[in-house]
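Here the structure is laid out as structure tokens; the discussion comes afterwards.
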Amino acid sequence: MQQVNRALFDEVMVPNYAPAQMIPVKGAGSRVWDQQGKEYIDFAGGIAVNCLGHCHPALVAALKEQGEKLWHLSNVLTNEPALLLAKALVDATFAEKVYFANSGAEANEAALKLARRVAKDQFGEHKDQIVAFKQGFHGRTFFTVTVGGQPAYSDGFGPKPEAIEHAEFNNIDSLKALISDRTCAVMVEPLQGEGGVLPADAEFMQQVRALCTKHKALLIFDEVQTGVGRTGELYAYMGLGVTPDILTTAKALGGGFPIGAMLTTTAIAKHLVVGTHGSTYGGNPLACAVALAALNTVNQPDVLAGVKAKEQLFRDGLRQINEKYQVFATIRGQGLLLGAVLNADYAGKARDFMVAAAEEGLMALVAGANVVRFTPSLVIPDADIREGLARFERAVAKIVQG
Ligand SMILES: Cc1ncc(COP(=O)(O)O)c(C=O)c1O
């Protein structure tokens, strides 16, 4: 029989990832087991995807039920789970219309194409400029990676999509210098995730909103990482006093089943007329059935309040670790999207902390070279947080003691 081990990855997989040596085979709640039976506490959550942990009963039930009814139709037909999920998203947010995709990048691709189309229809071809932010991340299609503010990800693939510029995040003067009546859209994460777990100031966001309105540019919130309860709000915009024109959501939306969505108003949506955009799998019944169960489970006052309470537990635990070992300059982020920023003595070593944590039985993440990132399940038991932090402390101690 074929041996399944890490060496097989190097043999048969395109080398664009560098996964850990261990191969997880089973998960339940916030615990994961590898092929050797070693147990891990999961503070990574599949990078802010597994919002209800692993194999949550409500999601398993929705998947099984839909799996025995209908798997796929294509968008030549609509289906009940897609319509129910769209209705739930519309009821829960500012949006009036929904477009389904399969990932965050695809939801963003739809948002950017829509913004360009709205501007062209209403003002003409010249209104094509898109402004985004340095260090931002919006996905890996060529359009979204170019809108993302990390040239390391977008360089080296030939000519890029044009009329895309980048301002400094949390610096309104920098945006003022770029935005004009030629701008069709401003795309922003309310909290930069991949860029280092950096929240936007509410005042900055309100000024961004005002500038977009002034220049008749659409404000696109990329809530792929922050959406579906991650910050303690169902969507982060709800805590900022700012309403976007278009919002994208993915990751946690499916709780581990691939799905993305673009949300907007009727007046904006009407520009995406029949034939302008599409996807074979977008709105797939299996994905939508699972996402509806995830959304309904997360969008409860006790779950959202729980995110804020668990944030405090994390912050207290990380502060105590730091008092002993002095490794962090600050802890930042919101809800259960938290970043421990390494101080000057440990600059550039985030990966070492992640690897040491895994040795102690804790799955964590990085966000750049200087930030250890935590994006656990939104319903992680407090006892798992405490045990996970104890394991993290052992990892920190190992690094500090060399
Ligand atoms: C803010 C944000 N936008 C978009 C994406 C891309 O999503 P996907 O990997 O599902 O295409 C990510 C992924 O990390 C993200 O964090």
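Heads up, the Cβ atoms here are built off N, Cα and C, so glycines get one too.
According to TrEMBL, the protein carries these features:
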{"type": "BINDING", "residues": "G104, A105, F137, D222, E223, V224, Q225, T280", "note": "pyridoxal 5'-phosphate binding site"}
{"type": "BINDING", "residues": "R140, S279", "note": "N(2)-acetyl-L-ornithine binding site"}
{"type": "MOD_RES", "residues": "K251", "note": "N6-(pyridoxal phosphate)lysine"}
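A separation of roughly 6 Å, to the nearest angstrom, links the Cα atoms of the residue listed as 'N6-(pyridoxal phosphate)lysine' and V224 (pyridoxal 5'-phosphate binding site). With respect to R140 (N(2)-acetyl-L-ornithine binding site), the closest of these binding-site residues in Cα terms is A105, chosen from G104, A105, D222, Q225. Separation of the C-alpha atoms of A105 (pyridoxal 5'-phosphate binding site) and S279 (N(2)-acetyl-L-ornithine binding site): 13 Å, rounded to the nearest whole number. Between the C-alpha atoms of G104 (pyridoxal 5'-phosphate binding site) and S279 (N(2)-acetyl-L-ornithine binding site), the distance comes to 13 Å. Burial estimate for the binding-site residues (A105, V224): highest at V224, by number of other CB atoms within 10 Å. Between the C-alpha atoms of F137 (pyridoxal 5'-phosphate binding site) and S279 (N(2)-acetyl-L-ornithine binding site), the distance comes to 22 Å. Comment: pyridoxal 5'-phosphate site residues G104, A105, F137, D222, E223, V224, Q225, T280; largest CA to CA distance 25 Å, whole number. With respect to their backbone Cα atoms, E223 (pyridoxal 5'-phosphate binding site) and S279 (N(2)-acetyl-L-ornithine binding site) stand 20 Å from each other. When Cβ atoms from all protein chains are considered, those within 10 Å of S279 (N(2)-acetyl-L-ornithine binding site) total 18, not counting its own. Highlighted here are the binding-site residues (G104, F137, E223, S279, T280) whose C-beta falls below 6 Å from ligand 1: G104, F137, in sequence order. Taking the Cα atom of each, D222 (pyridoxal 5'-phosphate binding site) and S279 (N(2)-acetyl-L-ornithine binding site) are about 20 angstrom apart. Annotation for T280 (pyridoxal 5'-phosphate binding site): same-chain Cβ neighbours under 8 Å, separated by at least 6 residues, are S74, N75.
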